[in-house]
Amino acid sequence: MIYADAMERGDGYRPATDDDGPAPRPFRIRGHLVHGIPQVGDSNYDPACPTCNPGSINDLGTPTTAAVTITSTPTAVPDPLPSTVDYDERRPLQDAVPQQREGMITYTDDFANGFRTGIAVIFIAGEMAGIGMLAAPWAVVNLGWMGFVLLITFGIATAYSASCLGTCWLILEERYPQYRIYPVPDPYPTIALHAVGRRTSVIFSYFTKACVHITLFGSATVYLMLIAQTAQKLFSDTHPEVSFSTWLFVFSVALSSLMFLESPKDYCIIAVGALLTTMTSCYFVLMQILLDERIKEGTTTDETQNIVFSANQFFLSFGSILFAYGGASSFPVIRTHTMFKRNEFSRSVVTSFIILAILFGTIVVGGYVVYGHTINPNILMSLGDSWLSYAAIILMAGHLILGFVIIVKPVSEQVESFFNTSHTFGFQRFVVRMSLLLAMIALGEIMPNFINLVALMGCSTVLLSTFVLPSIFYLRLCSIQSATWPDRRLSWKSKLYMYMVIFVGLTSGTLAMLTALAELIDLQSLIRPYYVYYIDSEENTYS
């Protein structure tokens, strides 16, 4: 399995000569994944590729001579930024191996784990749908019309940031040949390593890694908490004596065996299942919302009650909406591990966000119109009792289980790497992963309300890893120029937008994080156990 990228000349290009000096050459990169030797008419056939067409002509008018192998072991290439090198941030990083300036560049995937572009869409949509769909209606209701504006604005901004992250990795591929060998561990911290200067590169790399894995750890904890909450809802009639804490422990132990899945194909199936269960659950939720609206017709309700708007309410809702788009920090991993045509990553992002817009839009509008200020932070708990609501809860529980398996894997591997644990199944790996699971259970047991944890992560690590850091890294990578690299200079409009995102993100995120922390450490809230927030349609402690 081979990644092959063709370098194409721009209009009016002539072959470079020694007299031309170090002037940059106008070329761009086009890539595709080749399985064996495709024939003419195949979807992944490229006439410019020497694998697809051995007699192809490169952009200098001579036959290509690129070596192509079906299976190979990646050649060790020195890191372009070793810790022992006296790196000057005013001087751009140079290739460890001279970059080809014509013909074809081949990339080998030693683990053969590339998938088609559609799978990337499923991974993105399957990961981001779920918690956001459950918590976004409550946040939008609290903010009123401003909630709809923020939901749409953050969605567009997240899609753009995701595209910037994908472009950042493409820039690294253009400049550093060692990143053309897949799979690449920790692509997001690697982007940070090359985007900033010598004195701060390692700091930013570890900081980025911390933001991503703290978000994943908190998200996995919220997944377990919501699974326990749905179980308590489903079995409230038959086992009312079983508390939330018990359900949390039972389901956490039951899911522990799924934390040891290894094959990327297993995770592909899980991602498909996560998206399908979410979409089906969304349909049942919408049908139940319409049914509740019909039941409500003819009954007298207090329409004069208004939502008490406060700064705390605003920032908690603000952080919850941000958390709905928290999966963007894993997009570089999806791009480097699952893309069949990696230059089509932006198309995958746009397609995924169209799916998310349909899911979020229907549920948010329905919850806003039907339930209003009586809505629960988990919209499933606001649904009336019928087979539709129970089907929706069961399907969403299935999504939460599958989503937990997806997001806990990188956290587990990072902890294992920190403790230098073997990457094969053994006693050490078992102890590390079970300890991580116990830490999640402990966090879920002491948290009074999952919405506070969601808001805290949304306005801190999610805001940084989804909006602020991508803008900083993209600006920095595009500002570094070299004669052997493509021109990546940005327009003043793009720069203005990114500076605005950085400023607004840091300012609003700081205020929202302080508010969430104040709610989190509130004495009364800490004393009160979490399961008192489980309510039926007649009670609501959040009104």
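Numbering starts at 1 and runs along the chain as displayed.
Every residue gets a Cβ built from N, Cα and C, even glycine.
Copied over from TrEMBL:
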type: COMPBIAS; residues: 1-12; note: compositional bias 'Basic and acidic residues'
type: DOMAIN; residues: 119-509; note: domain 'Amino acid transporter transmembrane'
type: REGION; residues: 1-28; note: region 'Disordered'
type: TRANSMEM; residues: 119-139; note: transmembrane segment
type: TRANSMEM; residues: 145-172; note: transmembrane segment
type: TRANSMEM; residues: 206-230; note: transmembrane segment
type: TRANSMEM; residues: 242-261; note: transmembrane segment
type: TRANSMEM; residues: 268-291; note: transmembrane segment
type: TRANSMEM; residues: 311-328; note: transmembrane segment
type: TRANSMEM; residues: 349-371; note: transmembrane segment
type: TRANSMEM; residues: 387-409; note: transmembrane segment
type: TRANSMEM; residues: 430-447; note: transmembrane segment
type: TRANSMEM; residues: 453-475; note: transmembrane segment
type: TRANSMEM; residues: 496-518; note: transmembrane segment
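For the transmembrane segment (268-291), the residues of the chain that approach it from at least six positions outside its boundaries are 115, 119, 122-123, 125-127, 129-130, 133, 261, 338, 355, 359, 362-363, 366-367, 370-371, 379-380, 383-384, 386, 388-389, 391-393, 395-396, 398-399, 402-403, 405-406, judged by C-beta separation under 8 angstroms. Sequence-distant contacts of the transmembrane segment (349-371), counting only residues of its own chain at least 6 positions beyond either end whose CB sits under 8 Å from a CB of the stretch, comprise 120-121, 124-125, 128-129, 132-133, 136-138, 140-141, 148, 151, 155, 158-159, 162-163, 166, 275, 278-279, 282, 285-286, 289-290, 292-293, 296, 324, 331, 379, 382.
Against the transmembrane segment (311-328), the recorded stretches 206-230, 387-409, 430-447, 496-518 differ in Cβ pairs under 8 Å, and the greatest number is found for 496-518. Ranking 119-139, 242-261, 496-518 by CB pairs under 8 A with the transmembrane segment (206-230) puts 242-261 at the top.
Cβ atoms under 8 Å from those of the transmembrane segment (496-518) belong to residues 157, 161, 311-312, 315-316, 318-319, 322, 452, 455-456, 458-460, 463-464, 467-468, 471-472, 474-475 of the same chain, restricted to positions at least 6 beyond its ends. A contact links the transmembrane segment (119-139) to the transmembrane segment (387-409), because at least 3 Cβ pairs that are 6 or more residues apart lie under 8 A.
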